[in-house]
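Chemist: If you scroll down you'll find the structure; I have some questions about it.
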Amino acid sequence: MQFIDQAEIEVQGGKGGDGMVSFRREKYVPAGGPSGGNGGRGGSVIFEADANLQTLLDFRYARIFKAEDGKKGGSSNCTGANGKDVVVQVPCGTMVYDLDGECLLGDLVSPGQRLCVAAGGKGGLGNQHFLSNRNRAPEYALPGLEGEQRQLRLELKLLAEVGIIGLPNAGKSTLIAALSAARPKIADYPFTTLVPNLGVVRKPTGDGTVFADIPGLIEGAAAGIGLGHEFLRHIERTRLLLHVLDVTAGDPIANFRVIQQELDAYGRGITEKPQIIALNKIDALDGEMIGEIETELKRFSTAPCLHISAATRRGLDDLMQLVWQWLDEMAAADAEAQRLLELELQAQAAMNNPFNSDVPIDGVTYSS
C-alpha cells in the first residue's frame, strides 16, 4: 500500500432546510393561524480516528466531502428532517489544519476520537414564529443557513513509542524485521526504505509496543534534502529514539554527528528525547576497533551504546531489555505526574467549594 502522510481536501456542511409557510386549516377553525414548521439542521462532516488505517492514501481519490442538506419544514408545525452527517475515517495521529487561517483544528490520536470539521447550517424558522399582535397571518419564513465550508490540510504523524533513526543502509529495516513481524524491503543499497515502516514488538509480558523505522536521513534533511524532511515529523511523537549506527560505513563518528545535527536543525524538541545508540554490524569488526568507536562516541554523546548485529540477532536481547526498562520508567514518571496533577486539581476544587470546610484528599486535608 502506498504511504501518503499529507493531503488537502474540501469539506462542506449541509445547508439547513427552509422554514415553511402554512396555516392551520381545520373544520370549525376559520382562522387557525400560522403553522409552518422549522427547517431541519444540515448534516455535518465529522472526522473519526481509525486504528486500522495507516495512511492518507484514500484522500488522493476523494477530495471533496459534503454532508446532506436539511429538509424543508412541514405544515402543522412539523420540523423538517435533519441532514445526515458524513463520517470520514482517518488514521490515528492525523492533525487537521484550516488552510485559510493556518490554524490547528484538532489532533486525532485515540481510536474512535471525533472532530467536527464542517458544521451543518441551522434550519430556517417557519412562519409560526412570526405571529404577533400586529401580524396575525405572517406569510414569510426564514431560509436555512448555509453549512460551514473549509479547505483543510491533513498531516499524519505516526504514533510510535520508539523511533529507529540512522543513515541510509545502516540496518534499520533489518532491525525492525528481526524484532517484529514487519517485513520491510531490505537490500544492500541506500534508500531501500522510502516510507516509514511500523512494527509491533512484544514485551516478555505480551504487551505490544510500536516501533517506527524512519527512512534514512542524510546531511541537509532538515532543510529538505533527500527523504528526511518528509518524515522527520514522524519522530515528533516518539518517546525514545534508537539510533542505528553502522560501524563498517566510512567514519561512524562523523555519521553519528550528521544525524544529530539534522535532529538539532529540525528542532521541535527532538534532540531532548532519550536516545540509545545501537552499534550495528559488530560481527564485521574486531572488539578493539569497536571499543575505539565507542570511546570516541562518548566525546559527543552521553547516550548508552550497545553492540548488536541485526542480521544475526546478536545483542538484541540486551538492547530490548534496556528499551523496556526506559519505557517502563517513562510510563511510571507519567503516571506519577498525572497523579500529582489530579491531586492539585482536587485540592483547588475543594478550596473553591464554599460548602466544604475540610475535605480530605488522598489522606491530606485541605482547609478552605
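We number each residue from 1, going along the chain as drawn.
Note that Cβ sites are derived from N, Cα and C of the backbone, with glycine treated the same way.
Feature list, courtesy of Swiss-Prot:
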- 1-159: domain 'Obg' (DOMAIN)
- 160-328: domain 'OBG-type G' (DOMAIN)
- 166-173, 191-195, 213-216, 280-283, 309-311: GTP binding site (BINDING)
- S173, T193: Mg(2+) binding site (BINDING)
Chemist: Taking the Cβ of each of the binding-site residues and counting other Cβ atoms inside 10 Å, which one has the highest number: K172, K281?
Modeler: K172
Chemist: Under DSSP, is P215 (GTP binding site) helix, strand or coil?
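Modeler: For P215 (GTP binding site) - judged by DSSP and reduced to three states - the answer is coil.
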Chemist: According to DSSP, collapsed to three classes, what secondary structure does S309 (GTP binding site) have?
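Modeler: Reduced to three states, the DSSP call for S309 (GTP binding site) is strand.
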Chemist: Which site among N169, S173, S309 has the most other CB atoms no more than 10 Å from its CB, taking these as binding-site residues?
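Modeler: Within the set of binding-site residues, the most crowded position is S173.
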Chemist: Among all the protein chains here, how many other CB atoms are within 10 A of the CB of G166 (GTP binding site)?
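Modeler: Its Cβ has 26 other Cβ atoms within 10 Å.
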Chemist: Tell me whether K281 (GTP binding site) sits in a helix, a strand or coil according to DSSP.
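Modeler: Going by the DSSP assignment, K281 (GTP binding site) belongs to neither helix nor strand, so it counts as coil.
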Chemist: Could you measure between S173 (Mg(2+) binding site) and P215 (GTP binding site) for me? Cα positions, answer in whole angstrom.
Modeler: 9
